[in-house]
Each structure stands twice: as structure tokens, then as C-alpha cells.
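Annotation source TrEMBL lists site 'Transition state stabilizer' at ARG13, LYS28. Here TrEMBL flags ARG160, LYS216 as site 'Positions MEP for the nucleophilic attack'.
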Amino acid sequence: MHLLIPAAGMGRRMGSDGLRPAGGYRNKLLLTLLDKPLLTWTLLSAEAATCIDWIGIMGQPVDFPEFKDILATVNLSKPVELIQGGDTRQESVYNGLQALPSDAEQVLIHDGARCLATPQLFERCAQALQEYQGLIAAIPVKDTIKVVDEDGLILDTPERKQLWAAQTPQGFNVKLLKDCHEQGRQQRWEVTDDAALFEKCGLSVHIVMGEETNLKVTTPVDLSVAEFILKARHNP
Ligand SMILES: Nc1ccn([C@@H]2O[C@H](COP(=O)(O)OP(=O)(O)OP(=O)(O)O)[C@@H](O)[C@H]2O)c(=O)n1
Ligand SMILES: C[C@](O)(CO)[C@H](O)COP(=O)(O)O
């Protein structure tokens, strides 16, 4: 199974590590969580998942020297390729898809920022991909969700039992996902996950039960929560 890791973000919402001299934020995946860069935790989980046999990491070239240091430390047993990311997650995944080996039939896509996903979740998604052409890890929403207009007025309260919070890994048939990305570029669709492109193209996407701990490290609070979870895992 091929795995693409989008890791080319700016970490604007994290915003904690100051501006780079050249402008722009420092990639949050290079921040330290316990004693390792955040990206290292994601890679260690991918390494432990036996279903994965090739890894592509989409990053910004400015981060490649540090990515190479991380790879040298982790010393993965699987082939790894660094791929130039784009200005959005959608563009980064597009670039990753173009860089897949020509024999890749199925792909899992997993945010570098979801560094707490377990190897078992990768295995579960890879297994389900033998049955489905499109799937995502997701968990039932715990809060009551409101749809709100620009003036702060509630428009709707969707029924909670139909709401799921999308996570990654997201898994797809490579050819179908490439077609969906092409169509997305032509139609100028802007989406925040790959499943949305599948949906817009009228293709079905199945849910695989995700993990409550599989949070996306987005803000400084997430970093503290992730550290807490990792500490509990490593010193139970
Ligand atoms: N141009 C981009 C933007 C995001 N990502 C990746 O997509 C994942 C989810 O994105 P997000 O959490 O939004 O990360 P950032 O873009 O870094 O954060 P922010 O939106 O706060 O700037 C991350 O692993 C991030 O590195 C990417 O590969 N290319
Ligand atoms: C793909 C994703 O992680 C699913 O929750 C999420 O949509 C990424 O979104 P972001 O806008 O990059 O935070």
C-alpha cells in the first residue's frame, strides 16, 4: 500500500514558533512533541503499519533539509520520497498523486499533522480499501453542531446522529482519485479533504471508524493534548 503524507503546510493557526527570516511561519510538523519532531511520530506509526510499503512526503523545499534529518534519525525500512508540496493541501495531494510509482493502484493519504494515528488505524483503512474505492477514517461528532450565518444567527441544527468528523487516513483507488483531482482543478473546486472531491464527482466514500485520539495538531492547545496522550501511551 502506498502512503502519501501531506506535510507542506505553514502552521498559521499554530503560529507559536515565530516568523521565518524570509517570511511565513515555521512548519508545525517540525515542532517538538515530547522529544521528537511532530512529523517523526507520524512516520513511526506509518513504519509500524505492515500494510504500508512506500511513503511519499509532500513538503516545502525550505523544510527538506530538516525532513532529511528526521528521515536519517527514523531510518525507515520502507522506500521514502520527498515531493514538492503546493500552496494548499489539495495542491500538495495533487503533486503527491503525480509522484506515485506507476504501479500504484491504491493510496492512503494521511496528514502529517495527525501524528497520533495508530498503526492499527492504517491497517484498518488498508483492509477496507480492498472492498471500497473510497474511504475515510471518521468519528461520530460529540457536540451539537450549528449552521450559522455571517451575522452570528443560527440557521440550522443538523441532526447529530448523521454527523461525523472527518479524519485521515483517507484511502482511494488511485486512478479514480487522480481523475477527481483533475476535475477539481478544471472546475476550480476548493476542498479541505480528498473525500470531498470524490463526493463532488458522484463517487461513494465509506466510513472507517477513526480514533478519538487521532486529532489534527492545529493550534497550541492541540499540541498540549497530543503531548498528554503520547506521555500516557509511553508511560502507562
Ligand atoms: N499547502 C499545504 C497545506 C497543508 N498541508 C498539510 O495538510 C495537513 C493538514 O493541514 P493543516 O492542519 O491545515 O496544516 P497547516 O496548513 O500547516 O495549518 P494552517 O492551516 O493553520 O496554516 C498538514 O499535515 C499540512 O502539513 C500540505 O501538505 N500543503
Ligand atoms: C483532511 C482533514 O484532516 C480531515 O479532517 C482536514 O479536512 C484538513 O483540513 P485543514 O483545512 O487542512 O485543517
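A Cβ is built for glycine as well, from the same backbone N, Cα and C atoms used for every other residue.
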Quick one: of LYS28, ARG160, LYS216, which of the recorded sites has the smallest count of other CB atoms within 10 A?
-> ARG160
Compared by Cα position, which of the recorded sites ARG13, LYS28, LYS216 is the closest one to ARG160 (site 'Positions MEP for the nucleophilic attack')?
-> LYS216
If you draw a 10 Å sphere around the Cβ of ARG13 (site 'Transition state stabilizer'), how many other Cβ atoms fall inside it, taking every protein chain shown into account?
-> 14
If H, G and I count as helix, E and B as strand, and all else as coil, what does DSSP give for ARG13 (site 'Transition state stabilizer')?
-> coil
In whole Å, how far is LYS28 (site 'Transition state stabilizer') from LYS216 (site 'Positions MEP for the nucleophilic attack') when you measure between their Cα atoms?
-> 11
Where the criterion is a Cβ under 6 Å from an atom of ligand 2, which of the recorded sites ARG13, LYS28, ARG160, LYS216 meet it?
-> LYS216
In whole Å, note down how far the CA of ARG13 (site 'Transition state stabilizer') lies from the CA of LYS28 (site 'Transition state stabilizer').
-> 9
